[in-house]
């Protein structure tokens, strides 16, 4: 690791974030982990700056000394020598020309120094107002103010800037191309060059237990799914009552696999329909933004219409219940084949298109986490499609099939109250995700994780077959609840949903358009990356309020199943473990990305998920 360049207490020149200018600052400390310097401006403002945003004073003072001391002496001496020489001496013109050349050169340096030092008056905001508070981490400012300097910096094009300075200060016109190039190169020393994003490098920090952990997970995840489904089929689904394994030939049925493929292709057709708006995702490492068509809710409506047609023609939807284990096996086989295809095609993908977390060079690890970030076939984004379409919409269809199966098996004219609650709560969750489809573009799954076995199996197998566990359990183990209990569970789910939705909306709106007037009341801590960390609203309550809402809803989904067995509570237990692990991943990435600003955020918001607990 390279050592630090500037020592504590050293006076240097620091670039003001979001601008093109340097100010005199004093180094107060250095973060070895985030590689950020904490510097203090003359007005007391303290910021965390990258080493690339700090320069030594010598690079500025050297130019000033040349133009203020050396140049005038040279001009004086050359003028005195020119006046003392005889007009008839042959070398007079040549030496005078050299003197004028030095004079012009010195004037040019002085002029450039004066205009460069005058630029703060022309282009920069007042440091003593809200912007100073914003970069100091004070809560008085809003992201609306934060965008002013970014927009201003984008407008400062070199050619226009030189023209404006020349006109305002009445500089002598120089049409010589060489001198224009010198002016431009001199000016560049005072301009902050926008850093070019680096392409993904090799993944050094391995997650999920590294190569051994990911290898074991590839067997543990499918085994867990099949174990849960076999347990639900038993009359006594106690943990100590291990289910008997079915014959292998009973796990596979070609017709079931054909139905699964038909379902997958149907959702792909709905995805390709030219309906819904097209939006841009977050910038990639190269600065490019991919386009996504937002039509998941339309796909859900079309799917509902297709299911309605099938039911109208007396199609037995409880076929899903009768062959549930075979459907799970078919989905697992398909996800494995898809994962192999994704890894093989990723071997030919350019370096800049690889996932930051799945480029370790180890086959097992990259195969599990995903080697390519956004695998596409033309405009068809495979990862984005699988995130919300086949599995999430399939989850609702499976719940409906379980509801119909319960009515048929138990000869009910209407579904049980427990089954209605489970179906209603989870339907709301899925519809919310599809209605707010654009929000998924800012999640870690899209921006960081590659598309490999982990997401392919999770999207196509884990979500539809594990998340529907409560409905599957209720078919074989009916549970009666009273209306007051149902009302209390409904209130609990509504509270969780409100926290989940309002927190996610707050975050997504701030990321998409921090200058939105509706967000003017939000306070945040600025970072060296130019982004802000919210410290008010839900994000000032705990660091991951959306996780808190998710866990509350998960509990509400399990409560209608009663307390006879722990099996229907697997989802909430698993979900707590999942979100705690994901929170740890977020914590690690944010600390690396934001450095000192993240430490300040953690001081302001000490609780991670559960207030006053964790």
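Glycine is treated like the rest: Cβ placed from N, Cα and C.
Where the annotation comes from TrEMBL, it is an automatic prediction and has not been curated.
Annotated range for transmembrane segment in TrEMBL, selecting from 178-201, 250-273, 346-369: 250-273. Looking at 481-500, 501-520, the range annotated in TrEMBL as transmembrane segment turns out to be 481-500. Fewer than three CB pairs closer than 8 A are found between the transmembrane segment (208-230) and the transmembrane segment (294-313), and contact between the two stretches is not assigned (pairs 6 or more residues apart). Contact between the transmembrane segment (562-581) and the transmembrane segment (455-475) is present: at least three CB pairs lie under 8 Å, with pairs separated by 6 or more positions in sequence.
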